[in-house]
Amino acid sequence: MAAGSGSAAAVAAVAGGGPAGPHAAGVTAGAVTTGSGAPVPGPGAVLIGDRLYSGVLITLENCLLPEHTLRFTPSMSSGLDPDTETELRVTGCELIQAAGILLRLPQVAMATGQVLFQRFFYTKSFVKHSMEHVSMACVHLASKIEEAPRRIRDVINVFHRLRHLREKKKPVPLILDQEYVNLKNQIIKAERRVLKELGFCVHVKHPHKIIVMYLQVLECERNQHLVQTSWNYMNDSLRTDVFVRFQPESIACACIYLAARTLEIPLPNRPHWFLLFGTTEEEIQEICLKILQLYTRKKVDLSDLESKIEKKKLAIEEAKAQAKGLLPEGAPVLDNTSGFSPLPKNESPKEVKGNKPSPLPVQAMKNAKRKAEGAKRTGSNSPVNGVQKGRESRSRSGSRDQSYSRSPSRSASPKHRKSESYSTSSGSKSHSRSRSRSGSPPRQFNHSSTYKSSKMRSYKKSKDYKYSAHKARKSRSRSSSRSRSRSRERSDHSGKYKKKSHYYRNHRHERSRSYERASHRYDRDHPGHSRHRR
């Protein structure tokens, strides 16, 4: 066992020199102390922290707790009064005894479970650990220690029935749902915790056989009534903490003494018979008082005890919350969210950990950006003039510049305006153009007037520019609308459609070179127009 583990065995004052040898079953690393509690250094003593450990002691004796541990328990440090703690100890041991009877466990297994229960709650608090779960874990662990194992499912079913009987309800079978699985996992964890806190020192020396042996020495073993009464007192003493205070020999003498006084059976007193077994009268009287207090106590409802524990848990949680920076009333310290509240605040909390910016304006800006991006995506995916904006035909040269569009888009955002160019196939000289489905006239296009100054030079380079005005008035057919000769008429009508459309809100200062190449290809591929002009 690791020294300083906080278990009952680690803080035990190992008294007496019990039998040690090949039959020893317990291994304890104990701090050897005197009656005053001061450590006694040995030849091979080891100092760990402020405690002096003598080493490893192999013994069959029970581990006894020092007086300061018995006086100030972890439950008292959690705010639980001693009377409530005593009632919880007695109730838990009664549950273990009743469950052992229903599970048909041997009495030694039930006694081991109750002793482990008492030891555990001298290292842990009733407020932080469920009494019922620890009781189940002790029954399951004791059944394996005493070589009479029981399934954990049977242990849960038995405790479930005992709870219904205690609450005077009709017993209902336990449903195997997720709650049952969680309870099973909690019991397994509780069993692990018991082993860890006790340092895996779970050996218990019981006084059952000692009582029979002492009565044989006193020649009273034939008095079955005396033997049975002494045995009963010993079983009742398991509900007290005498097994962590006194050695089993003293407990056996106290049970015989109490049974003989109850049945009025005389025992040798000159000298006193218990002195033969190494027990003092003070120890016997203290053990007898502990046992007799069980018969004078009032029966307490377990629900009342659980309600007290819940109140203590809430008090501890509130204390922890206040220690973490909450207000005295228990309300959390809020950040500076003046933009959120419509009313001004009268006063601010006195203690604030830090002035953090309010997350509300930042979140509002993020939401606005998301809405704007969503609107742009829906606008770009919607068909304009019968063509999806994301789809465009590229010129043969593979230029990255946007080509001149025969059907201008009416999108409100200039970033998403994309134009379509004439697409020519490499195998054939056929040309395809997407039809415009907008409200504008199909044969008239609104071009900005800025094209006259900076872009008309490219038109003049064309050999058919001087006939453009004459041919525009002469032909109104759809085939003639594809020529470049109507640029002047388009520029005349640009003002009228400029007011209606927002396509040329931001003027472009450079025309794509693919338009010039497309115009040369058009003149080369349609020689009929040039002959007609001649």
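Think of each number as a place in line: the chain as shown, counted from 1.
Cβ atoms are placed via backbone N, Cα and C, with glycine included.
What Swiss-Prot records for this protein:
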| type | residues | note |
| --- | --- | --- |
| COMPBIAS | 389-399 | compositional bias 'Basic and acidic residues' |
| COMPBIAS | 400-412 | compositional bias 'Low complexity' |
| COMPBIAS | 437-453 | compositional bias 'Low complexity' |
| COMPBIAS | 468-485 | compositional bias 'Basic residues' |
| COMPBIAS | 486-495 | compositional bias 'Basic and acidic residues' |
| COMPBIAS | 496-511 | compositional bias 'Basic residues' |
| COMPBIAS | 512-528 | compositional bias 'Basic and acidic residues' |
| REGION | 94-196 | region 'Cyclin-like 1' |
| REGION | 209-293 | region 'Cyclin-like 2' |
| REGION | 327-534 | region 'Disordered' |
| REGION | 400-436 | region 'RS' |
| said: DSSP on the region 'Cyclin-like 1' (94-196): how many residues come out helix, how many strand, how many coil? | reply: 72 helix, 0 strand, 31 coil
| task | With DSSP as the yardstick, break the region 'Cyclin-like 2' (209-293) down into helix, strand and coil residue counts. | result | 60 helix, 2 strand, 23 coil
| said: Can you work out the mean pLDDT of the predicted model over the region 'Cyclin-like 2' (209-293)? | reply: 91
